[in-house]
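Worksheet for the structure shown next.
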Amino acid sequence: MAISSTERRAKNVQIFVEKDAVETSFAKWAQPGHFSRTLAKGPKTTTWIWNLHADAHDFDSQTSSLEEVSRKIFSAHFGQLAVIFLWISGMHFHGAYFSNYSAWLSDPISIKQSSQVVWPIVGQEILNADVGGNFQGVQTTSGWFQMWRAEGITSEVELYWIAIGGLIMSALMLFAGWFHYHKAAPKLEWFQNAESMMNHHLAGLLGLGCLSWSGHQIHIALPINKLLDAGVAPQEIPLPHEFLINRELMAQLYPSFNKGLAPFFSGQWGEYSDFLTFKGGLNPVTGGLWLSDIAHHHLALSVLFIFAGHMYRTNWGIGHSMKEILEAHKGPFTGEGHKGLYEILTTSWHAQLAINLAMMGSLSIIVAHHMYAMPPYPYIATDYATQLSLFTHHMWIGGFCVVGGAAHGAIFMVRDYTPANNYNNLLDRVLRHRDAIISHLNWVCIFLGCHSFGLYIHNDTMRALGRPQDMFSDKAIQLQPIFAQWVQNIHLLAPGTTAPNALATTSYAFGGDVVEVGGKIAMMPIKLGTADFMVHHIHAFTIHVTVLILLKGVLYARSSKLIPDKANLGFRFPCDGPGRGGTCQSSSWDHVFLGLFWMYNSISVVIFHFSWKMQSDVWGTITPDGNISHITGGNFAQSSITINGWLRDFLWSQASQVIQSYGSASSAYGLIFLGAHFIWAFSLMFLFSGRGYWQELIESIVWAHNKLNFAPAIQPRALSITQGRAVGLAHYLLGGIGTTWSFFLARAISIT
């Protein structure tokens, strides 16, 4: 890489910290709304409490100083980490004190996990199911037990110490959040030093993180899991530190430990192949990925990330400059290319957050799919309720993060975008042909919606008329997903060329053998047919509509033909003032509001598809002579090709467990199912009525209070249009997710 003379004179990185930046004042914090001159005056109307919640974390509205905003975000991150460590501590504390972890560890196939016991008050102890191993408790589906097994935890005492460690880390994070805001607050230059941040995050956070994790797996998790797999009782296994300090003990399990570090320094790395493996496939004892493969994977990643963490130029005048990379990134048809993006990403945290949320959301969705296709932890693949829970969980998180990415992209456009600094770069060029983008995307949505839904309407009609031979199905007019089948086949065959020494395929979802653990199917080839082709096009439709709404909100955040001065109205506004009809629901906030409904649609179809497909074609039992019996007997291919089939054979048929749960350990799910339906229906009251109706009602109620001489000091006000939509949306999503959660879990627990 070429180094210019100006780069050679790059000034050394200094430590940019301001001492005693902000006074620690409990008296100030005790005043509600202290961050806003208007809110600090106290409530005059009930709108005050809404504005308090809306603006508490909107640091942009509290100060115009980018440095102050940066410090607040940085400090808030430590608060977030404190909450996460506290949550982790709580999970481990429950595992240590209220769980059947030891019993589960001794027989993970037939004993269910539980880490919560309900107290016998008003008869609610009925929720304590008999999960096996002489334990009654609420069956949990979080996957913690399987993860603890993979980490090499063999007793509740170890969980207890981790819980204490989590508490200490939580307290440390709280202290760090206070210290780096009040005592030693970083200056703006520190936050904007992209190269140093990249080096430290890549080499430190990811590189050393992966290295320490692979170190833990090699020295502690691998030997303990090898003994557990061999049937050694947990209480007979040496304590973790003994594997760390006793090389002889390790060498009994992995002979290459006898050779020490000599093979490492002489380049004979193949000597370590007894614990750094490349087997592929799943461990037949546990149904999870080979732990030695996982250790190898993290070691390789750590090397890559540590290398990557030395790529960027800081004190030593060598390495990449982020600004130069971006400004050099231009082609013959892209104008100024990425010029101006460096300034955007170092002055707008909304722009950076938008990218990070979109990436993390996508990553969460990728994780959801890897969790079942390549189950990472021992015995997780045969715990169907946990598999369904984790898939649903990661899909929801992915959906919310992607929508959040669009939200902050739009906030960036409204608050931080400067057109003069972005002339003819890629962002400007996208904005200038936004009409072409959105109109084409709209056409794609109409095409996908009409055709994918049309296939189902056709099938329902043909089935209703008794003409099965004219339906789109594997037995009549076939619509085979030939490209998906081709991709599956490539992935099945590829390891033969790319990893010739691997023992098995990357994932049995692509093809290969049936992996079973204790007579239950962990993973097997997932055959795709007409039913999958049809529902995948529904996925394409719902995702494209979500993208259409969100992208329109970003691209038209500053202006549109309807509202040319939209940037002046801000991110969130109900309508463009009185006298301008037809301008409501056009703010960027409203696009996020509408996008969330379609995100809900998208994720619902995905998790319904997954739940039914796995029960129909993967999950089930296998006899010693190879006879497979799936939970719903392979009915997905013939039933899911009609809308009636989805309603009758999935929603109604599989809702029987939650509907009939009263009087059983699953009865809480029956109550949640009912309550969540109510919360969902309650949302419609906010979504289908206007502010004026409620204001009139409130004024009549206030009149009655005045008549009786107990009128409130704080004047009641109806929710604003935006507030009403926010409350409606929150209840719609909460009700919908609660309904799906209870429906899935009552069903999954009964089939696990």
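Cβ coordinates come from backbone N, Cα and C, glycine included.
Taking the Cβ of Cys575 ([4Fe-4S] cluster binding site) as centre and 10 Å as the limit, one finds 17 other Cβ atoms among all the protein chains shown. If you look up Swiss-Prot, you'll see Cys575, Cys584 marked as [4Fe-4S] cluster binding site.
Look at Swiss-Prot and you will find His677 tagged as chlorophyll a' binding site. DSSP assigns His677 (chlorophyll a' binding site) to a helix.
Mapped onto three states, the DSSP output places Met685 (chlorophyll a binding site) in helix. Residues within less than 8 Å, Cβ to Cβ, of Met685 (chlorophyll a binding site) and separated from it by at least 6 positions along the same chain comprise Gly728. The chlorophyll a binding site annotation in Swiss-Prot covers Met685, Tyr693, and the record cites sequence analysis as its basis.
Swiss-Prot lists Trp694 with the feature phylloquinone binding site, giving sequence analysis as the kind of evidence. In this view, Trp694 (phylloquinone binding site) is surrounded by 17 other Cβ atoms within 10 Å of its Cβ, with every protein chain counted.
Marked as transmembrane segment by Swiss-Prot on the basis of sequence analysis: 73-96 (among others).
Positions annotated as transmembrane segment by Swiss-Prot: 159-182 (among others). Remote same-chain residues near the transmembrane segment (159-182) are listed as 20-24, 71-72, 74-79, 81-83, 85-86, 88-90, 92-93, 95-97, 99, 101, 148, 153 (criterion: CB distance under 8 Å, separation of at least six residues from the stretch ends).
Long-range Cβ contacts of the transmembrane segment (198-222) within its own chain (Cβ-Cβ under 8 Å, at least 6 residues beyond either end) map to 150-152, 240, 243-244, 250, 253-254, 275-276, 291-292, 294-299, 301-306, 308-312, 314, 322. Swiss-Prot lists 198-222 (among others) with the feature transmembrane segment, giving sequence analysis as the kind of evidence.
Annotated transmembrane segment per Swiss-Prot: 294-312 (among others), in sequence order, evidence recorded as sequence analysis.
Taken from Swiss-Prot, the feature transmembrane segment covers 349-372 (among others).
Positions annotated as transmembrane segment by Swiss-Prot, on the basis of sequence analysis: 388-414 (among others).
According to Swiss-Prot, the transmembrane segment annotation covers 436-458 (among others).
Long-range neighbours of the transmembrane segment (533-551) within the same chain, counting only residues 6 or more positions beyond its ends whose Cβ lies under 8 Å from a Cβ of the stretch, are 402-403, 406, 437-438, 441-442, 444-445, 448-449, 451-453, 455-456, 472, 479-481, 484, 591-592, 594-595, 598-599, 601-602, 605-606, 609, 640-641. Look at Swiss-Prot and you will find 533-551 (among others) tagged as transmembrane segment.
Among the features that Swiss-Prot reports, transmembrane segment is placed at 591-612 (among others), with the record citing sequence analysis. When Cβ-Cβ distances below 8 Å are used as the criterion, the transmembrane segment (591-612) is approached by residues 372, 388, 391-392, 395-396, 398-400, 402-403, 406-407, 410, 535, 538-539, 542-543, 545-546, 549-550, 552-554, 585, 632, 636, 640, 646, 650-651, 654, 725-726, 729, 732-733, 736, 740, 744, 747 of the same chain, each at least six residues removed from its ends.
The feature transmembrane segment is assigned by Swiss-Prot to 666-688 (among others), with sequence analysis given as support.
Annotation comment: Swiss-Prot describes 726-746 (among others) as transmembrane segment.
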All-chain count of other Cβ atoms within 10 Å of Cys584 ([4Fe-4S] cluster binding site): 13
Most Cβ pairs under 8 Å with the transmembrane segment (666-688), selected from 294-312, 349-372, 726-746: 726-746
Greatest C-beta neighbour count within 10 angstroms, which of the binding-site residues His677, Tyr693: His677
Remote residues contacting the transmembrane segment (349-372) - C-beta distance under 8 A, at least 6 residues beyond either end: 69-70, 73, 380-381, 387, 390-391, 393-395, 397-409, 411-412, 415-416, 509, 523, 610, 614
Nearest-integer angstrom distance between the alpha carbons (Cα) of Cys584 ([4Fe-4S] cluster binding site) and Tyr693 (chlorophyll a binding site): 17
Pairwise CA distance, Tyr693 (chlorophyll a binding site) versus Cys575 ([4Fe-4S] cluster binding site), rounded so that it is a whole Å: 18
Rounded Cα-Cα span from Trp694 (phylloquinone binding site) to His677 (chlorophyll a' binding site), Å: 24
